[in-house]
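According to Swiss-Prot:
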type    : residues                                                                                                 : note
BINDING : THR14, PHE15, HIS22, GLY93, LEU94, ARG95, GLU103, HIS128, SER129, PHE130, ILE131, SER132, SER133, SER134 : ATP binding site
BINDING : THR14, LYS46, LEU78, ARG92                                                                               : substrate binding site
SITE    : HIS22                                                                                                    : site 'Transition state stabilizer'
Amino acid sequence: MSVVNRRIAVYPGTFDPITNGHIDLVSRAAPLFESIVVGVAQSPSKGPSLPLQQRVALAREALCQHENVQVIGFDTLLAHFVRHVGAGVLLRGLRAVSDFEYEFQMASMNRHLIPEVETLFLTPAEQHSFISSSLVREIARLGGDVSGFAPAAVVAALRQNL
């Protein structure tokens with residue numbers, strides 16, 4: 001087992017794009033940890049609409065007010081990334097009961113791959129509980145207003161890329 005630091009958390013995701021729900025979760029988790037690493041996954045199997053570098057830049061801009069948060073893109077197995085940064089906690093968000101089955105399965109798999117790391121689930125603030133990146137992308141793709149769901153820079157990037 002690797003040496004891990006339970007004061008360091010990794011919040012992984014595709015963040016395609018980062019939303020106000022993601023930002024809320026990081027903002028509420030930031031005081032709980034010495035450091036949070038937002039790991040932006042390449043995720044080619046998901047066919048992201050925004051390139052990795054742009055997703056990283058948008059997340060950095062959205063989270064820049066938190067001194068203990070860093071944003072790093074990665075294209076490896078999550079378990080390898082977590083070990084690389086020395087984190088002892090995987091941070092995940094649960095919006096609804098429908099998220100639980102998938103997240104439970106992922107947490108169980110990660111427990112086998114990185115048993116020294118704990119998974120911690122946080123729920124979003126109620127006003128963000130329905131927001132998902134895929135819904136934000138779809139609304140933007142169809143010409144809808146997503147300014148209430150994502151930062152202005154994300155809204156502009158979606159308009160340019162979709």
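Cβ coordinates come from backbone N, Cα and C, glycine included.
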Applying a 10 Å Cβ distance cut-off over all chains shown, what neighbour count does LEU94 (ATP binding site) have?
17
C-alpha spacing of HIS22 (ATP binding site) relative to ARG92 (substrate binding site), in angstrom:
10
Winner by Cβ contact number (other Cβ atoms within 10 Å) across the binding-site residues HIS22, LYS46, ARG92:
HIS22
Which three-state DSSP class does LYS46 (substrate binding site) fall into?
helix
Local backbone state of THR14 (ATP binding site), from DSSP in three classes:
coil
Rounded to the nearest Å - Cα separation of SER129 (ATP binding site) and LEU78 (substrate binding site):
25
Binding residues THR14, LYS46, LEU78, ARG92 (substrate) - maximum C-alpha distance in whole Å:
18
Report, as a single number, how many Cβ atoms besides its own are within 10 Å of the Cβ of THR14 (ATP binding site).
20
What count of other C-beta atoms do you get within 10 angstroms of the C-beta of LEU78 (substrate binding site), across all chains shown?
19
So, three-state DSSP: helix, strand or coil for ARG92 (substrate binding site)?
strand
Which one is it: of the binding-site residues SER129, SER133, which Cβ has the fewest other Cβ atoms within 10 Å in this structure?
SER129
Inside 10 Å of the Cβ of GLU103 (ATP binding site), count up the other Cβ atoms and send me the figure.
16
